[in-house]
Amino acid sequence: MPLSNISHILLILSGKGGVGKSSTTLQLALSLNLLGQNVGILDIDLTGPSIPRLLGLEDKKITQAKGGWVPVEVHPSISASGSSGDEEVGRGQKSGVQAVARGALHAISLGFLLPSRSSAVIWRGPKKTAMIRQFISDVAWPDLDYLLIDTPPGTSDEHIAVLEELHKLSEKRPGQLSGAVVVTTPQAISTSDVKKELNFCLKTGVEVVGVIENMAGYMCPCCGEVSNIFSKGGGEEMARENQVPFMGSVPIDTGFGGLVDGVKFDEKGEATDEKDPRPLVDRYEDCKLCRIFSDFARKVMDVQS
């Protein structure tokens, strides 16, 4: 059965574009990895796939195997003994498995199937729906603790198609669809659209795990102090009005872009011309946002416990 070896599925939603859903998806995935969880990212933003670019793996391609498409491996798992390999670790609930120091990360995106980053996807609804059904049914995921689904903005064909498929599967695996994390920015123009996403979750029977207020303030790259140059608190107020959990606020960190690009920083935190050869998950541990998203990841895990 499709997705049968995945314990929990989490949607990353927002009614507004440009609020940072993909970067939130990535950071939540990396934070879960650092807590020993094996994670997959399914990017269903078909017309604007960002995950390959954020992972620094735009040159990678999805391969075909007997069980379906094979996801792109971002990094393998590492056991507490220091050895790597998914075959040693598997899911945490399996008996006789070594303790996991870092979980594996795999990803699927239409971006891995396109000829180049500039290739346009000009599809009508039925073709989008067919593609998403294939992503759900024809991907040979390894054993995963969490599958994070990065969605496009709004409540369009992609959202309806993925939920139809997930609800069908949930009849055989109750509780597998854990819910949704909703991303917004503090401004009223964003929260007014994101409220529609909360209403969408209510109408489609998807539990809201929590609201993340992204781009809430600017983090100084030198001292780490956060200044609220735009506004703050809009996401928290929206969550309170709609009686859904508020997970927390995330400031803008200018170093995150360099981290994704593999830029090496000196002792003063300034970018150099050298490339950092370490895997993305190891570089992310040096990011100032890592502690914030580690707290979010723990909250997600607490919901499932």
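Glycine residues also receive a Cβ, built from the backbone N, Cα and C atoms like all the rest.
Curation does not apply to TrEMBL; its annotations are automatic.
The structure displayed is predicted, hence computed values, not measured ones.
Taken from TrEMBL as is:
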BINDING   GLY15, LYS16, GLY17, GLY18, VAL19, GLY20, LYS21, SER22  ATP binding site
BINDING   CYS220, CYS223  [4Fe-4S] cluster binding site
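Looking only at other Cβ atoms within 10 Å, the busiest spot among the binding-site residues GLY15, GLY17, GLY18 turns out to be GLY15. For LYS21 (ATP binding site), the same-chain residues lying six or more positions away in sequence with a CB closer than 8 A to its CB are ILE12, LEU13, SER14, ASP150, THR151, PRO153, VAL183. Just so you know, of the binding-site residues VAL19, CYS220, CYS223, the Cβ with the fewest other Cβ atoms around it within 10 Å is the one at CYS223. In this structure the alpha carbons, written CA, of GLY18 (ATP binding site) and CYS220 ([4Fe-4S] cluster binding site) are 22 Å apart. Within 8 A of the CB centroid of the ATP site residues GLY15, LYS16, GLY17, GLY18, VAL19, GLY20, LYS21, SER22, the other residues of that chain are SER14, PRO153, VAL183, THR185, ASN214. The Cβ neighbour count for LYS16 (ATP binding site), using a 10 Å radius over every protein chain in view, is 20. Taking only the Cα positions, the spacing between CYS220 ([4Fe-4S] cluster binding site) and VAL19 (ATP binding site) is 20 angstrom. Each residue contributes its Cα atom, and for GLY17 (ATP binding site) and CYS223 ([4Fe-4S] cluster binding site) those atoms are 30 Å apart.
Comparing CYS223 ([4Fe-4S] cluster binding site) with GLY20 (ATP binding site), their Cα atoms are 24 Å apart once rounded. Annotation for SER22 (ATP binding site): same-chain Cβ neighbours under 8 Å, separated by at least 6 residues, are ASP43, ASP45, SER50, ILE51, LEU54, ASP150.
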